[in-house]
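Q: Have a look at this one before I ask anything.
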Amino acid sequence: MSPKTETKASVGFKAGVKDYRLTYYTPEYQTKDTDILAAFRVTPQPGVPAEEAGAAVAAESSTGTWTTVWTDGLTSLDRYKGRCYDIEPVPGEENQFIAYVAYPLDLFEEGSVTNLFTSIVGNVFGFKALRALRLEDLRIPPAYSKTFQGPPHGIQVERDKLNKYGRPLLGCTIKPKLGLSAKNYGRAVYECLRGGLDFTKDDENVNSQPFMRWRDRFVFCAEAINKAQAETGEIKGHYLNATAGTCEEMMKRAVFARELGVPIVMHDYLTGGFTANTSLAHYCRDNGLLLHIHRAMHAVIDRQRNHGMHFRVLAKALRMSGGDHIHAGTVVGKLEGERDVTLGFVDLLRDDFIEKDRSRGIYFTQDWVSMPGVLPVASGGIHVWHMPALTEIFGDDSVLQFGGGTLGHPWGNAPGAVANRVALEACVQARNEGRDLAREGNEVIREACKWSPELAAACEIWKEIKFEFDVIDRL
């Protein structure tokens with residue numbers, strides 16, 4: 001290239017490392033109804049101003065790179081760039097800020113959680129100028145959420161399919177989670193369903209191992225469901241885990257479940273991936289299957305306060321990708337979950353319209369328009385003494401799932417199921433009569449023990465069991 005050509009080409013272009021603030025920090029910006037909004041908890045490296053850190057997040061998660069490039073002149077950055085439009089300090093934390101970023105809708109492929117996350121929680125989380133970065137919340141505008149199918153069926157359709165109303169649904173995870181033969185596994189399913197549960201469940205890591213291949217498990221569980229339904233007159237189900245090593249194998253398992261006539265299948269949506277999950281959700285809607293979602297691996301992503309992504313974001317992503325149930329913690333059991341935080345994302349799963357409420361960790365008003373809701377599943381270290389609190393916290397539109405709290409009953413699996421069903425019915429009746437379960441819950445359970453020896457035995461065996469540890473992720 002001649003010196004003359006170099007001079008001409010260099011007009012209007014200045015090479016070098018960018019100061020992100022000049023382009024991506026725009027406090028005067030008025031957000032649009034079609035923007036996707038994000039709230040990031042930003043911990044900059046020492047010496048990095050808050051405005052520069054927030055602008056860097058906006059740049060690196062949208063159109064930016066570390067230097068000026070020639071091809072910037074071939075597009076409209078003002079149209080496509082992310083904008084850090086507000087920054088606020090985090091109370092009680094030194095050198096930590098909430099950076100609010102607005103993204104134009106055109107940056108994202110329609111109906112793709114995979115593409116949404118690849119941008120917003122992609123390479124920016126490894127950016128050296130940031131000591132830590134956490135995505136606290138997203139606002140998904142109707143213009144984007146309407147490009148998703150969402151849950152295969154939703155809460156009301158599920159209740160109609162099951163013909164069960166006015167109470168939480170009851171479930172049980174079969175234990176031990178690994179090692180049972182398919183026939184013994186099916187036996188446990190039958191005993192729990194016959195005893196009064198609505199659902200039983202494969203644990204998240206039950207796929208197709210040498211001790212129990214998936215096809216054998218599916219057949220024996222279908223037999224157990226049919227037998228329990230015939231004996232009880234109630235519609236029953238077992239979450240058959242279709243998660244597999246390939247999408248093709250996953251779909252093959254879902255097809256076989258449909259051919260067996262079972263009502264519900266299951267997927268581990270984080271380890272399986274959003275693309276696989278969305279494909280399975282579409283199949284479930286087209287073929288009348290409910291879809292239960294397990295969140296295995298979520299704590300790797302969401303448990304640290306300063307880095308990663310809050311579960312409320314993963315919950316919103318699941319509602320868009322598709323699932324009729326998702327595990328949501330218990331507040332009172334063995335797994336992490338503060339009450340206000342948990343109730344915040346439970347509302348984001350179930351309700352159509354959720355107002356901004358920082359006291360519950362909700363940074364943006366969320367309008368789901370007509371997208372069906374998802375039933376939250378309370379599971380993990382719970383037993384009959386927790387039933388009043390669970391009924392009061394989660395309400396009717398939930399699934400209360402007792403694994404060890406059913407199968408650990410001293411008299412066996414069916415009596416364990418009976419104990420849980422009696423405890424639930426007693427709590428629902430007491431609530432409907434106007435009693436305060438938060439105050440009178442233990443008394444309600446003790447009264448019910450008079451009429452149920454199975455419940456009395458369960459109350460005795462688990463009266464001292466508690467999981468009293470401080471919650472890590474507080475507001």
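Sequential numbering from 1, following the chain as shown.
Each residue, glycine too, has its Cβ placed from N, Cα and C.
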Q: Of ARG295, ARG303, ARG350, which one shares the substrate site with ASN123, THR173, LYS177, HIS327, SER379 in Swiss-Prot?
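A: Checking ARG295, ARG303, ARG350 against Swiss-Prot: the substrate site match is ARG295.
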Q: Distance check, please: Cα of SER379 (substrate binding site) against Cα of ASP203 (Mg(2+) binding site), rounded to an integer number of angstrom.
A: 11
Q: Round to the nearest Å and give the CA-to-CA distance linking HIS327 (substrate binding site) with LYS201 (Mg(2+) binding site).
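A: That comes out at 12 Å between the alpha carbons.
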Q: Identify all same-chain residues not among LYS201, ASP203, GLU204 whose C-beta atom falls within 8 angstroms of the centroid of the Mg(2+) site's C-beta atoms; report them in sequence order.
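A: After dropping the recorded site residues, what remains is THR173, ILE174, LYS177, ASP202, ASN205, VAL206, TYR239, ASN241, MET266, HIS294.
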Q: LYS175 (active site, proton acceptor) to ASP203 (Mg(2+) binding site): how many Å between their Cα atoms?
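A: Rounded to a whole number, the Cα-Cα distance is 8 Å.
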Q: For substrate, with binders ASN123, THR173, LYS177, ARG295, HIS327, SER379, what's the maximum Cα separation in whole Å?
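A: The two farthest binding residues have Cα atoms 37 Å apart.
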Q: If you count Cβ atoms within 10 Å of the Cβ of GLU204 (Mg(2+) binding site), leaving out that atom itself, what do you get?
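A: Result for GLU204 (Mg(2+) binding site): 20 other Cβ atoms within 10 Å.
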Q: Binding-site residues LYS201, ASP203, GLU204: which have a Cα within 10 Å of ARG295 (substrate binding site)?
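A: Among LYS201, ASP203, GLU204, the ones whose Cα sits within 10 Å of that of ARG295 (substrate binding site) are GLU204.
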Q: For SER379 (substrate binding site), what is the tally of other C-beta atoms lying within 10 angstroms of its C-beta?
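A: Its Cβ shell of radius 10 Å holds 25 other Cβ atoms.
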